[in-house]
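*Asks:* Okay, here's the structure, questions in a sec.
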Amino acid sequence: MSKLIISLALSALIFNVRAAEGPGHAAIASAHPLATRAGFEVLEQGGNAFDAAVAVSAALAVVEPQSSGIGGGGFWLLRRASDGKTVMLDGRETAPSEARPDMYLDEYGEPRAQASLVGAFAAGVPGLPAALVHLSKHYGRLPLQKTLAPAIALAESGFEAGERYIKAAAAHQAELKQSPAAAVIFLDQGKAPAPGFRLLQKDLAETLKRIAKQGGDGFYRGQTAAMLLQGVRDGGGIWQDKDLQNYRVQERTPVSGEYRGIRVISAAPPSSGGAVLLEALNILSGFRLLPDDPLGSKHVIIEAERRAYHDRDLYLGDPGFVHIPLTRLLSPDYAAGLRASIRLDRALPSEMLSTSAVQSHQGDNTTHFSIIDRYGDLVTATLSINSVFGSCFVAAGSGVLLNDEMDDFAVAPGRPNSYGLVGGNANAIAPGKRMLSSMTPTILETQDRIALLGTPGGSRIVSMVLLGVLDFAQGHGPESWVSIQRYHHQYLPDVVEYEPGALNDEEVQGLSRLGHRFKQTAKPYGDMQAVLWDKKKNQLSAASDPRGEGVAEVR
Ligand code: GLY
């Protein structure tokens, strides 16, 4: 079912005035109807897109706790209309100060099962609370008491959990039971909740109130910090006071480039998203992607992804710890060299780039939203706690579900993580370091159109955004980008994953003859949230992925 709503076209006269100032309306697309509603509530109180972003981020933490939360982190890509400032807020988690490169390995150097995935030992130091405080203080108009109010009300009064939550809780009940504080909140008397379950999060409401009142100190110091530290240490984790107190949000310059006249602005390291996206687009800019040759287009898109994801694994990590040759990776000349290695009649086996065979699985984790306000302020943000329900661990009394983002490090360099991504030393664990991400909040801009898009989906995030950008380049709108059927290659494992229906038999056979191997996913994947401002028509449109339960609205 379509989740697209388009604003009424405005008169030409109004268009001329407003086009210079902003669209005059606002659009929000988020992964949950209650989060979209929270964003509009704040806009209606005089807030701007940044205030709405605080409200939507916090509401998602409450209503979609399996996907993101204040125990996790994220990247917020912003543009302020008044001065054009474009920046990425990096609220990515950091490794605790006692973290060591081999902390998840046994005495034989093998990764210990689940150690980086379940329980307090798997959790990085959360960045989301600090990012919301920063966003509010430096970009918003309203106090946190107002912007966090919708999330606090949802946590305190509860809400009826949706189908996605019910399925996620059923699938993770064994892990949630390992943390009594998590089980009490997210299960129904120790059992998988049934449809109609009302999710109440009173402790989380109190923690959000402390953040609303005290800012960062409401989480990183005082009562909340004490509960988090006690709970984490009791649960076998290694956090220290200073890890919480020293957490800092970073403002980073996004990565940017051009693709067929489109300005592409995207997430900078420690996300790999923007670099992989731009490298793939640079490679593809030398090919004609013809609608009447879907097989040929898909072949070169897959080959571009293979090469860009290979560089992810080789070079990308936290720029505060490793030198990333970003200028080279984003250079059209470098892409030309990679393009020259693509044969139109044959797939390159990934083992020609490196050797290893790995498996991957992707869950319904992470979340995304996009907002444009009436002034033309933009926010597109991807937030995560990594796996579904993160580490499945709650520190008693805090209501905070902790991430298991430590698994996004190369836990054992050269070995795959839960997404099948193989990292190298650039993404090895070190104290205070940010783990490499795939989150890819992206702004696209031409003279006439501004688009915001992004999605959850682990390592498949970048290929989903890539397909969205290519569709934007064809002139299509948000409903098309979010609905497009998806396929993906990430260098290793050397297999094209595709959701049911994304490739027809003829395409699978034709691409197999070129040497590609295939794996159909068990179900559709992704949950893209996108908005478009068509400046020429002064029209806003927004769309929420039909695979999810989100709502996109223009008001
Ligand atoms: N935890 C998923 C990501 O950051 O890519």
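A Cβ is built for glycine as well, from the same backbone N, Cα and C atoms used for every other residue.
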*Asks:* Looking at L-glutamate binding as recorded in TrEMBL, which candidate out of ASP345, ASP408, ASP494 goes with ARG92, SER384, ILE385, ASN386, SER437, SER438, GLY458?
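*Replies:* Within the candidate list, TrEMBL flags ASP408.
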*Asks:* For a quick check of understanding: given the listed L-glutamate-binding residues ARG92, SER384, ILE385, ASN386, ASP408, SER437, SER438, GLY458, what is the maximum Cα-Cα distance in angstrom, as an integer?
*Replies:* 15
*Asks:* Relative to the Cβ position of GLY458 (L-glutamate binding site), how many further Cβ atoms are located within 10 Å?
*Replies:* 26
*Asks:* Which are the residues of the chain, ARG92, SER384, ILE385, ASN386, ASP408, SER437, SER438, GLY458 excluded, whose CB is within 8 A of where the CB atoms of the L-glutamate site average out, their centroid?
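*Replies:* Along the chain, the qualifying residues are GLY73, ASN365, THR366, ASN403, GLU405, MET435, MET439.
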*Asks:* Could you state the CA-to-CA distance between ILE385 (L-glutamate binding site) and THR366 (active site, nucleophile) to the nearest Å?
*Replies:* 6
*Asks:* Can you give me the same-chain residues 6 or more apart in sequence from SER384 (L-glutamate binding site) with a CB-CB distance under 8 Å?
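*Replies:* Same-chain residues close to SER384 (L-glutamate binding site) (Cβ under 8 Å, separated by 6 or more) are SER67, SER68, GLY72, GLY73, GLY74, ASN365, THR366, THR367, ASN403, GLU405, SER437, MET439, PRO456.
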*Asks:* Under 8 Å Cβ-Cβ from SER438 (L-glutamate binding site), six or more apart in the same chain: what's there?
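*Replies:* Within the chain, SER438 (L-glutamate binding site) has Cβ neighbours under 8 Å at SER271, SER272, GLY273, VAL276, TYR419, LEU421, GLY458, SER459, ARG460, ILE461, VAL462.
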*Asks:* If you count Cβ atoms within 10 Å of the Cβ of ARG92 (L-glutamate binding site), leaving out that atom itself, what do you get?
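*Replies:* I get 30 for this one.
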*Asks:* What is the Cβ neighbour count of ASP408 (L-glutamate binding site) at a 10 Å cut-off, with all protein chains included?
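*Replies:* Taking every protein chain into account, the count is 30.
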